[in-house]
Amino acid sequence: MPGGPGVLQALPATIFLLFLLSAVYLGPGCQALWMHKVPASLMVSLGEDAHFQCPHNSSNNANVTWWRVLHGNYTWPPEFLGPGEDPNGTLIIQNVNKSHGGIYVCRVQEGNESYQQSCGTYLRVRQPPPRPFLDMGEGTKNRIITAEGIILLFCAVVPGTLLLFRKRWQNEKLGLDAGDEYEDENLYEGLNLDDCSMYEDISRGLQGTYQDVGSLNIGDVQLEKP
């Protein structure tokens, strides 16, 4: 078959060249309109701003509009909110409250063609988290805890040390007093017991130790004084 192999080799190059020329001459205006994925839900706190985006592959001439499906009324027609602001069709809701809850849907349309619609983003409005009584950073909290530990250690060590020194001083003082009492008790250590008994006999005099009170009248009884 004349010219068969050469024709087969030139066929892939021709197809690639035609595809490249069609992509260059047609440009983005002849491409199909499609949209990027959007987040399924968006959570904001009460009083904050909510930002919705509608990314798509269309040119700047595309018309982006936003619609809201009311919460609990999905069978009703969606509520028109207005056009998007930038090329991504961003919708900003300021100072969000509970009434802004619902599903937000964006529509992109080029000219008279049919529009493309996103799957929708559900807006959830929550109460702001309670602020702590002492709104401090982690570094400040760590420094406060360190200072508290030092103060507790000081309060535990200093009184205990003072009590130990006081107890030691009392023990030393009691030791000295006990030594003085021991010396006072030994003042008469060198006296003779016979001298002590002689002194006792002299103090008693010639009176007997016992009296015969049976032969005396009651008025004449004289008892020995100790």
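Cβ coordinates are placed from backbone N, Cα and C, and glycine is handled just like the others.
Database features, via Swiss-Prot:
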| type | residues | note |
| --- | --- | --- |
| DISULFID | Cys54-Cys106 | disulfide bond |
| CARBOHYD | Asn57 | N-linked glycosylation site |
| CARBOHYD | Asn63 | N-linked glycosylation site |
| CARBOHYD | Asn73 | N-linked glycosylation site |
| CARBOHYD | Asn88 | N-linked glycosylation site |
| CARBOHYD | Asn97 | N-linked glycosylation site |
| CARBOHYD | Asn112 | N-linked glycosylation site |
| MOD_RES | Arg204 | asymmetric dimethylarginine |
| TOPO_DOM | 166-226 | topological domain 'Cytoplasmic' |
Same chain, 6+ residues apart, C-beta under 8 Å of the C-beta of Asn88 (N-linked glycosylation site), given in sequence order: Gln53, Cys54, Pro55, His56
Cα-to-Cα gap, Cys106 (disulfide bond) vs Asn63 (N-linked glycosylation site), nearest whole Å: 10
Nearest of the glycosylation sites (Asn57, Asn63, Asn97) to Asn112 (N-linked glycosylation site) - Cα to Cα: Asn63
